[in-house]
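What follows is a single structure, written as structure tokens, with notes after it.
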Amino acid sequence: MGKKTLVSKGLAGIVILLAATTLASFVALFVDYSQYRETHNATVAPEDIPTSTTPTTPWGQWSEIRLPDTLAPEKYSITLWPRLTPEPNGQYIFKGSSSVSFRCIKKTNIIVIHSYNLNLVTFDGFHAKLSGRDVPSQPKIKSTFFTKDTQYLTVELKENLIPDKLYDLYTEFSGELSDGGNGLYRTEYMEKGKKKIMATTQMQPTSARKTFPCFDEPSMKAKYNITLIHESNITALSNTQNITAPEQSSLNLCFYVLQVRVWARTSAINDGYGNYSLLIAQKMTVFFESLFEEDYVYRKADHIAIPDFYGGAMENWGLITYRETALLFDANISSLADQEYVTSVVAHELAHQWFGNLVTMNWWNELWLSEGFATYFSYFGVNAVESSWNFKDFMVHKEVYRAFSQDALSFSHPLSSPDKEVNTPGEIDLLFDHISYSKVLLMCLQTLFKTATSKDLMDILNKTLNKNQDVTLPAEIGVILDRWILQMGFPVVTINTTNGEISQKHFLLYPDSVVHRKSKFNYTWIVPITWIKSENAQSMMWLWNSTDWVLANINVTGYYRVNYDMSNWQKLLGQLQSNHSVIPVINRAQIIDDSFHLARAGKVPITLALNSTKYLVNETEYLPWKSALDNFEYLSLMFDRTEIYGPMQVKQVDPLYNFYQSLTFNWTQRPEEFTDQYNEVNVLSIACNSENEECQTLATSLYSQWMSNSSLNPIHPNLRTTFYCTAIAAGGVKEWDFAWKMFKETNLKAEADKLRYAMSCSKYVWILSRYLQHSLNRSMIQESDFVSTVAAIASNVVGQSLAWDFMQTYWREISKKSHSGLLESVTRRFSSLMELKQLEEFIQDNKGSLESTQTLQQIVQRTKENIKWVNSNREAVSNWLLAQTRPDAN
């Protein structure tokens, strides 16, 4: 018997940006595909739909990338019917219709609306119908046409529209339900041996136009009324249960269709993997309402785990979508890192319900007003549910240093770029980076706007500071912050304690690089300097002869690096070795990170940076060790294919290894403290990678026990990534094949990801080559995991050249996949003239299918700088390492 087709109304979907572009409609459909094929009896005759290409004509009357300011949408009424079985030609499609009500703001005879890769039905030869409300005469269409470059549908009229009058534009359309990961798309997965298909959406930043014609810009907010057509055994969800949703951007619209009313795979929910995230989401929503003194707009907030999701999560209003690893958690299988990831992502997406959804930037050039504040307040959300973690202490390591890594490049960009620089979808995509997310400079925003600009923020901060008489600033807050918001980069502040001079200079990781972007502030900043003088905190200065050591930027509350005269550096390093506890833990990590990056920039000798790590034999805190390991990684990438790598073993870890071995009763129990659990992982990772026999024996023995009884894994979740990798690296095909078997059988994506990474650790060339072939097969490796799988193989010194050869050989096939970040990952080790030549030839041969020109320039520049740095520092690093192996080394 054929299944009935039902209509679900009132499923208004909202994603997170600010306006019509923010309305990200999301539709997800879970079906048992094999059963569906057997029983489905289509009531609509199939039709051939050509490959989704939009017809184009020469430029029309509106050739700007941005929409004109003549019209303002007020409400969309949209019907969508995703088809979960293929058409006779093998293509999956969706059909729909849309009626958008808009108000005429200025007199105009053209309607410009976004539409891309949609096949529009014609009415009397035109691609739309138009009607007016309470107008003297109905408007008549003269012509309709598409412009591919701007992704516009233009409706040309015979007469002008009347200002302040309402009009309705109606379209009918069909499109491909592709597996591309944006717009309204299809994702497939296996559950209990059966293939299942799900339709979902990702509208941000510019893909709503691929789902229905719309005014796809963040400031063009409107109300939405959504109707979904689906089979009777399918439940439909969307942003709200109300028939009409609050005003939102097109990128925030989202629908969801599911077999049962659970928001993940059925087996995952049945196993309880969603319990933790549901608990913390409830607590965080209440917390944010109290913190912001603003109620959450909706009375529901669904959180949906998508099996093959390309991003981390999407903050659709009322219906937040996630990668499975960002939402699902099991205390018996998941690690502390998994729990932290789930907690921080849920916090980030919920913070977006206020910053991004309720308050939306006016245009994409100020994306940081959404992402930066969501990042900042996510730390408060995590602290509200897991206060014992002291998670805000991690902000420097996780955000500031992450932003530094990009902001120290000559190709960086300001927080707020000139809006004329951000127009095309490609230019918008580039802004979703560490600058927009992690360059967190501001700590308060207490008034919410429907759309926000930097000026709004300055006005708010000025009012706040005027009420606080304890705050003394050298200039108005806007004058100070303009230098941090409107110009890219950050300074290195140099303090000379021998003569009292303090200076600043634009910090560039590659000192010979040319900065093409001009700054009206000449790359100078108004810098707040907090400092300690021999243990004693001093009064803050705004941009001091001393026999004491001086340490600046206490707890890294300022967005800058610090350099000193060599005498002060030596005093600081001496203090670390004699009694490091008098220096705050965040600053101990800062000294290491600043010294290594200053060395890479040629401002201090590499031996000074290496000496900053010698005190670690007495260090037990996580953050300094994490800082050291992150910086050792660059040295490893540059030298692990040379004779220098032999002595490059972190012997400072031995005392820490013994400390944690005792603390954990010979690795049988986990430490109680949050950071101690992380540092235990650091210790074992370093020890196993440094060929510590005891560590390697522990890892291989536990893995062997698991192989003997696959239903009982004796390895604690925190240690699995390290121990899996160690055992597979030490083993052969038997260990690898067992990991593959468990990878295919596990029901928890976080566990699957640990195994997927560990399989890249093999030392056998043929095994890694086979793994690379697996990555091309979607039934073996999910499409969204392709890049990270190849990148993991490339991170293995044995797999580096294999991954590079694989990428070149199969580029035609790879280029059809989502491959953002792949070239950057595979070429991280490149540090020779031969590799530079190969890279430049590859880029030249494949220009049309590669990433943005700016990204390619960065990769080439990085390779050139690696070559220079290795040639300049190879001997010094080698001599330092050899000196540490002498019996008298200290």
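Cβ atoms here come from the backbone N, Cα and C positions, even for glycine.
TrEMBL: automatically predicted annotations, no manual curation.
As the structure is a computational prediction, the values presented were derived from the model and not from experiment.
Taken from TrEMBL as is:
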ACT_SITE  Glu349  active site, proton acceptor
BINDING   His348, His352, Glu371  Zn(2+) binding site
DOMAIN    73-248  domain 'Aminopeptidase N-like N-terminal'
DOMAIN    276-470  domain 'Peptidase M1 membrane alanine aminopeptidase'
DOMAIN    549-864  domain 'ERAP1-like C-terminal'
SITE      Tyr437  site 'Transition state stabilizer'
TRANSMEM  12-31  transmembrane segment
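Structure coloured by features recorded in TrEMBL.
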residue	record	contacts (Cβ under 8 Å, 6+ apart)
His348	Zn(2+) binding site	Ala313, Glu315, Ala374, Thr375, Ser378, Gly381
Glu349	active site, proton acceptor	His303, Ala313, Met314, Glu315, Ile320, Tyr322, Ala374
Glu371	Zn(2+) binding site	Gly356, Phe432, Ser436, Tyr437
Least buried by Cβ count (within 10 Å) of the recorded positions His352, Tyr437: Tyr437
Mean of the pLDDT scores, which run from 0 to 100, over the domain 'ERAP1-like C-terminal' (549-864): 94
